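K.L.:
Provided herewith is a single structure, encoded as structure tokens, for subsequent inquiry.
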Amino acid sequence: MDAFVSRKRRRAATPDVVPEACISPPHTDEDDSTDVKLALLASLHPDCPQEALLDALLSHEGSVEDASRALGDDDDDAVVIPGGAIASPRKKEYLWKNGPGYQSSISSFSKQASDGGASPGSMKRLMTRKGRTLHLYAPKDIENHTPCSIIHNFLPSETADALLLELLGDAPTFYKGKFKLFDRVVESPHTFAFYVDSWEDVERQKREYTYNGQELKDVRRLLPEMRSVSKNVEDAVNLEIQRRIRDFQGGHRLRYQSPKEWKPNTAFVNCYDGAAQNVGYHADELTYLGPRAIIGSLSLGVSREFRVRKTIAREDKPLISKPSSHLQDDPEGQIAIHLPHNSLLVMHADMQEEWKHSIAPAQSIDPHPLAGNKRLNITYRCYKDALHPKFTPRCRCGIPTVLRCVQKRKESRGRYMWMCHAHFAPDKEGCSFFQWAEFDDDGEPPWSAAYKQRAAKPAVGQSAPTDAVQ
């Protein structure tokens, strides 16, 4: 749908919250429960929907004062409707309830400000601020404002349905991942399964690879429909990569981006059963993918929101927030990309290092005729031979390390590091191992043959940007 809307996300109402006319907090924000904070906000903003209050509270890390200040900006609740008019409060509520059908593309508004319109890749300014969620639907808007591109109706409908039915047959055997977080063993809020190309790869994964500091016992071979579709995904993703380089990267690969064709050889399949199942903000693990990883994600079944948020270094955050300023973009604002059945989302080379993504809980969902309340998505990935665990550093626990990228610290942002991740395993404590990771401009590690061949060549001056390669 060629549309977008910037609005507060509707959330399930918190039960048994009765706003009072005036409430004085008896202690600090940190001591108050979410219900009390919502009641405080409701008393200060009685005309604001409760789901908007909750969204603002979450976006401001539980601070009632900051959330109230953000909600005080009346225009932050504005919804633009065709023709450029601002909807009235009653119309806003109607639009919130009735979805994006009344919205226009961002592109249509940007063209009004320029006689010549916008050239591909030129709309780089983020349109998000704290407390707001920008909803994107049109492929052009998605690729202009996020490091993603989307293809709707990717497969023939019969093929998509056959693939969905195949996965629905396997979904009851999916499992929840267990890992340790702050000394507590927790489970993933959805189920998943891991698939590889061949039976040899299945055994190799079980013996040689680790995930969250532990071996993965349940590894599966690609199902027939998954295998037949993987070539379609491979071809489409490679075309999208070349288009992204041409239209958005000035014709250059990003530094560390591989020049090789993207070829998927593994796939995680996630199942979200019902509106409540979700996954929080995260970046995908780079250990076996390497820097500037590219992932193709095929969605099937129920439509869900895929939310993305740009990360910024701590020192870059403004000391004083000015929520009423329409000229000040906030990189921490959320963008919601709506993923319908049979859509292919490509997460490009600048996604994992600079952004985080999530599947948000939904207030309600429209059942799919085949999947019911389930959404399944296949995330096709390309594991690199040079990043096999037999080559990568091992920590003092004796297990292969995890590859991470610095996102928050300004002075080292964008650098890669090898770290112990045994502390994620329920039965392990972990160690403090740390080592900076080195890669050449093609994303190859020092022990790879490609790295050594490149290092042996004489240096050649390049005119490409510092974060890009020819």
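Placement of Cβ uses the backbone N, Cα and C atoms for every residue, glycine included.
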K.L.:
Quick one: which of 1-32, 193-224, 353-384 does TrEMBL have down as region 'Disordered'?
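P.N.:
TrEMBL lists region 'Disordered' for residues 1-32.
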K.L.:
If you look at how TrEMBL annotates this chain, which of 133-158, 393-418, 419-444, 445-470 comes out as region 'Disordered'?
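P.N.:
Among 133-158, 393-418, 419-444, 445-470, the range TrEMBL annotates as region 'Disordered' is 445-470.
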K.L.:
Could you count the residues of the domain 'GRF-type' (395-440) that DSSP puts in helix, in strand and in coil?
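P.N.:
Final tally across the stretch: 6 helix, 12 strand, 28 coil.
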